[in-house]
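According to TrEMBL, the protein has these features:
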TRANSMEM  34-50  transmembrane segment
DOMAIN    88-167  domain 'Phosphatidic acid phosphatase type 2/haloperoxidase'
TRANSMEM  119-137  transmembrane segment
TRANSMEM  149-167  transmembrane segment
TRANSMEM  179-201  transmembrane segment
Amino acid sequence: MNSTGNEGVRFEGLEQQALMNFSSAGIQATLNNLSKWLVAVVFGIMFLWRHDIETLWAFCGVVVNDRLSTVLKGILNHERPVLSLRSDPGMPSSHAQSIFYTVTFCIISMVEYFGCNGITAVTSVLIIAMGSYFSWLRVSQRFHTLNQVAVGAVLGFCFSIFWFWLWDALLIKAFIAHFWVPIVAVVGAAGSCVGFLLYVVRNRVHDNKH
C-alpha cells in the first residue's frame with residue numbers, strides 16, 4: 001500500500017511538473033512571437049509622448065537597422081541551430097538587433113528628458129534586462145544560437161548610437177536650414193511605418209506556417 005501510494009504521489013508530481021513546463025514553454029513562445037510587435041508598440045508610445053521629428057528619425061532607423069541585418073545575414077550566411085524552424089541565415093539575429101536598437105533609443109530619450117539620476121539609471125537597467133530576456137527567447141525557442149543573438153544585440157546598440165549621432169551631427173542643422181527637409185522626413189517616416197508593419201505581419205504569417 002505504501003509503495004502504491006508513493007508511486008501515485010510521484011506520478012502526480014511529475015504530471016504537475018510537466019504541466020508547468022508546458023505552460024512556461026507556451027508563454028515563452030507567445031512572448032517570442034510578440035517581440036517584433038513590441039518594438040512597434042514602444043515606438044508608438046514614444047511618438048505619442050515626444051511627438052517630435054527626432055522620434056520619426058528614430059523610426060526610420062528601425063527600418064534601416066532591419067535592412068542592415070538582412071544584408072549581413074546574406075553576407076555571413078550562418079546557419080540557424082534548427083534548420084527545420086527557419087531556413088534563412090541566422091547571423092545576426094534581427095530580433096535582437098531591433099530590440100537593442102529600441103532599448104538604446106528608450107534610454108537615450110530618458111536621459112535627454114530627465115537627465116542622469118538614480119531613477120533613470122534603475123529604469124535603464126530594467127529596460128536592458130527586459131531587452132535581454134526578449135532576445136534570449138530567440139535562443140530558448142531555438143531560432144538562433146547565443147552568438148547570433150549576442151552579435152545582433154551589439155549591432156543594434158551600435159547602430160542606434162550611430163543613428164542618433166548622425167541626427168545630432170548633421171540632420172538637425174538641415175532641418176533648421178531647409179523647410180523641405182521636415183516634409184521629406186515625415187513622408188519617409190510614414191512610409192517606414194507602413195513598411196515596418198507589413199514586415200512584422202509577413203514575418204508573423206511566416207512563423208505561423210512553420
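Placed from the backbone N, Cα and C atoms, the Cβ positions cover glycine too.
Counting residues 6+ beyond its ends, the transmembrane segment (149-167) has Cβ neighbours under 8 Å at 54, 57-58, 61, 64-65, 68-69, 72, 91-105, 108, 131-132, 135-136, 138-139 in the same chain. Mean pLDDT for the domain 'Phosphatidic acid phosphatase type 2/haloperoxidase' (88-167) in this predicted model: 89.
Summarised by DSSP class, the composition of the domain 'Phosphatidic acid phosphatase type 2/haloperoxidase' (88-167) is 66 helix, 0 strand, 14 coil.
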